[in-house]
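Q: Just passing along the structure, written as structure tokens.
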Amino acid sequence: MIEGLLHDQAGLLNFVIFFVLGAVLLLVILGFVTYAILAERKVMGFMQMRYGPNQVGGPWGLLQTVADVLKLLLKEDTIPKLADKPLFILAPVIAFAPSFMVIATIPFTDKLQFADIGVGLLYYIAVSGLTTIGVVMAGWSSNNKFALLGGMRAAAQMISYEIPLVMSVLGVVLLTGSLNLNEIVSAQENVWYILLQPIGFIVFFIASVAELNRIPFDLPEAENELIAGYFVEYSGFRWAFFMLSEYVYMFAMASLTTVLFLGGWLPLFSFLDFIPGAVWFALKFSLVIFILLWFRSTFPRIKADQLMEFGWKVLLPVALANIFLTAIIKSLF
Amino acid sequence: MLRTEEMLLNVGPQHPSTHGVFRLILKIDGETIKEAKPVIGYLHRGTEKLAENLQYTQIIPYTDRMDYVSAMTNNYVICHAVETMMGIEVPERAEFLRVMAMELGRVSSHLLWWGTFVLDLGATSPLLYAFREREMILNLLNELSGARLTFNYMRVGGVKWDAPEGWVDKVREFIPHMREQIKGYHDLVTGNEIFLNRVKGIGKYTKEDALNYSLSGPNLRCTGVKWDLRKNEPYSIYDRFNFDVPVREEGDVLSRYHVRFAEIEEALKILEQCVEQFPEEGPILAKVPKIIKAPKGEAFVRIESPRGEIGCYIASDGKKEPYRLKFRRPSFYNLQILPKLLEGESISNLIAILGAVDIILGEVDG
């Protein structure tokens, strides 16, 4: 349907349809973020022998995040006196917008995808890199030393981990012969890429945790060192935008992991294909999210210099070797 | 040409990893620390000056608030100083209760240190596991003294309350439980590669440095100096128990970590022997005059607190208040080496080094 609309003549009706679709997607993602935060707090609570939220919205705290968001909306919006005001205001928007843009290319099922771009994977990686600009902007414009340190860390981390991330998926691209995410999923009909590309998967997963700025790689916002890092001066809804972009990226990255390595909407075994693809996708996706939450409550934080060393001296060579190996094996068989 | 400049960074007094109101003024170049200047005194309450207008028994609650993580040792050191001056013989049962209370306090203090130290490194869960066991200890001490943190338990000549019925058995049950949990702690944190990378070879100093800076406790023993007042200058009834003084040679953050864990094990050993030898009957308070007056003169005693040597100096002119009271507070002395250790380190290492010193700001500021 979307393909048809794209090729239609531009008109008010088309615009309205796209607008509504975009708004629906946004709401779905906001819904996800709401419950991802709740899930994170609950899972961490169980792992730490606590209850987690259990007051607002019944024993499962189902409305806790809603209440938190309302609180954030009502909070006073402070801008430091000596901050670079335009940049300070723009930074959360620049950090958030790409996180939402990348979702467009992700195929949730064979039918549900918003933009079936030929170079979907490239688009994802290119656009997601933009967020760092927002983060560095926030760090710089806050006129706060902790924020500045956080912003610098974010820039360094992004450069060192974006490259292994790209290199690690090249193996998948080589095997499929396409950058289109739909085709990548279809190529996993018989066997998932996690089995064909185990090294690539490990490198990709580590690099993606670093991209997400989550423990053990949450250096830009290292609470115990830099207080909150780049968003230390932000409050209220501007702050919420940074958190939002973080969780939307978690959503996007878990989806991408599912698509690239876990066979997207394809069932585990072919006789199980009576279960709809969306359910399979959700299951695999939840697994990836759970592992991310598990990391968060288990690992300590890595050090900045070790992070760089690990990215350049370990992940990158391993990813390159993986491409090399994949190419040889592919040309042999 | 790019213009670079050094940045002045204020860490604290409100910062999540300074364990209270400690402030560090850092001169940094990028993330490398060029110079660190500690500023203390935000929690100064003038305990020593206040004590000059208080009777000896009234001073005891003030000592609770110095090292508030291990208040039992502070209680003991003031009582011990007054007892030494007056030559009071403390009943056996009271000594056992004191030692048990102090060793339980040592375990809980090290547990709190472990939880917060690992939290500083970014792992959130261990803190809650540490607090689970610490809670059991606090409950035990609560049953003994009626308070969970500021116990005010000991008196000149003994202790205030006897152990309630079944308390000793509860301690007996606690010991194997604690040993089991320590294994879990090691599984979760000690072997973790990221953790080891953060702490191995960081914040190193030599035996000579440690002695010159007058460090004590685990901060001294991590450099290979086998010095523990419980062994070297036995006070109370410590000479009756069989235990080791854990020592490491490396002098880095990891060795301090190991020393503290080994000390928990040794404290459990002492507790085990206490429980076995605990006298069934006997008084808990020696016969002391209604109004305690230390004779004219002076005395200095020192004991081993979880953080190092805590000392108490009393100068008395024979009145019911001391003429001058002075505490040697180990955290304060241990903190002195910090500027030297921090030079050339990064901000992430700062957190690890500061955490491993194990400061309690109430004690640093007095």
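Using N, Cα and C of the backbone, Cβ positions are placed for all residues, glycine too.
TrEMBL labels come from automatic prediction, so no person has curated them.
So TrEMBL lists these for the protein:
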TRANSMEM  A:12-37  transmembrane segment
TRANSMEM  A:86-109  transmembrane segment
TRANSMEM  A:121-140  transmembrane segment
TRANSMEM  A:161-179  transmembrane segment
TRANSMEM  A:191-210  transmembrane segment
TRANSMEM  A:247-268  transmembrane segment
TRANSMEM  A:274-295  transmembrane segment
TRANSMEM  A:307-329  transmembrane segment
Q: Going through A:12-37, A:161-179, A:191-210, A:247-268, A:274-295 one by one, which has the most CB pairs that fall under 8 Å from the transmembrane segment (A:307-329)?
A: A:161-179
Q: Which sequence positions outside the transmembrane segment (A:274-295), separated from its termini by at least 6 residues, show Cβ-Cβ distances below 8 Å to it?
A: 36, 39-40, 43-44, 47, 108-110, 112, 209, 212, 214-216, 250, 254-255, 257-258, 262-268
Q: Report, as numbers and ranges, which residues of the same chain sit near the transmembrane segment (A:191-210): CB under 8 Å and 6 or more residues beyond its ends.
A: 157, 160-162, 164-165, 167-169, 171-172, 175, 184, 216-217, 253, 256-257, 260-263, 266, 292, 295, 307, 311, 315, 318-319, 321-322, 325-326
Q: Mind checking which residues of the chain, 6+ beyond the ends of the transmembrane segment (A:121-140), have their Cβ under 8 Å from one of its Cβ atoms?
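A: Here the qualifying positions are 84, 87-88, 90-99, 101-102, 105-106, 147-152, 154-155, 158, 162, 165-166, 169, 173, 179-181, 184, 211, 220, 229-231, 234, 242, 245, 249, 252, 256, 260.
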